[in-house]
Amino acid sequence: MSSPGMDEASSLQLCRVMLPDDANFMGNVHGGIILKMIEEAGSIIGTRHCNTQNGDRCLAALVRVEKTEFLSPVFIGEVVHVNAEITYTSKHSLEVQVKVIAENILTGAKKLANKAALWYVPCSLQNVDKIMEVPPIKYASAEKEEEGRKRYEAQKLGRMETKARVEEPMPLRPNLEDAPQERHTVGFSQSSLIHLVGPSDCTVVDFVYGGVAMKLMDEVAGIVAFRHCGTNIVTASVDAINFHRKIRKGCVVTVTGRLTFVSNRSMEIEVLVDADSLVETQTGKYRAVSAFFTFISLDKENKPLNVPPLKIEGDDEQKRFEEGKSRYLQNKARRLAEKERQQ
């Protein structure tokens, strides 16, 4: 259902049951599965809205996902309802806000599992490098429009700052057989996944769905977290995911994750996606996506466990650790402030 003041075309709901393939060995649904469903809903509603006007047909391409909290775990057998709504439009971009509700169909109990905000730009099907104009939406009030404009300016600034920071290449994980790494170091848990982008990963204009990239990123981050603590782990949150450049069919993507910060109960993992085209070899390898994932460790009753401390080696690791600690403290303060407002 659409909200007051919104067009019917600006809201959407998707739902499906969670299956064993969607979860880890403890029955917790992977965060990447939820992220992929969120992006599917955003892509559908964004594409549908942008094609309500005359002109070239277009496809909504994901450029950023704001910080996303995984509020409640989702389990095998639960039905996930993904509710998406367009909440702001600029001339060339639109914001989609999504709520994920998990339903136990045996008891009827429902819980809020996730909230996310995604930004899309419409790319012409005739020329994917051409950004189309976005039809405006109707706002419930002038205040809602102004709040959306502020979010738009903030995400635009965030994308520019992140792109400048992540251009440096991620070093390869050392060969542990040749140079054994001490447990609980960055080098010990660092992990990479190499994936050849095929037709099933891509949109009708042959570039990768944002949800596919996010699922791969969550998988790599999960491997890093498991290598560090060796217990059941789940995604707790994801800092802003920035899509810097498109990934096309025929690219080999290298998804690499490394620990940057560890608190008593959480692990921050930087995940970078680099793409290298097998067809357009002159373009060379480039940074396509970047984000920070936060994981927590759980016992058999899904209660949080303490995480082994991270052993820092060198000035670069120390710098990344301090930056991660700053993000951790900022997020903790923000959560406390939100909790106080709700009381």
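Residue positions begin at 1 at the first shown residue.
Each residue, glycine too, has its Cβ placed from N, Cα and C.
Here is what TrEMBL records for this protein:
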| type | residues | note |
| --- | --- | --- |
| DOMAIN | 8-126 | domain 'HotDog ACOT-type' |
| ACT_SITE | Asn24 | active site |
| DOMAIN | 187-301 | domain 'HotDog ACOT-type' |
| ACT_SITE | Asp218 | active site |
Structural state census, the domain 'HotDog ACOT-type' (187-301) (DSSP three-state): 29 helix, 56 strand, 30 coil
How many helix, strand and coil residues does the domain 'HotDog ACOT-type' (8-126) contain under DSSP? 26 helix, 58 strand, 35 coil
Identify, in sequence order, the residues in the chain of Asn24 (active site) that are 6 or more apart from it along the sequence and have a CB within less than 8 Å of its CB; answer 'none' if there are none. His30, Gly222, Asn232, Val234
I want to check the contact list for Asp218 (active site): same chain, sequence separation of six or more, C-beta distance under 8 angstroms. What comes out? His30, Gly31, Gly32, Leu35, Thr235, Val238, Phe293
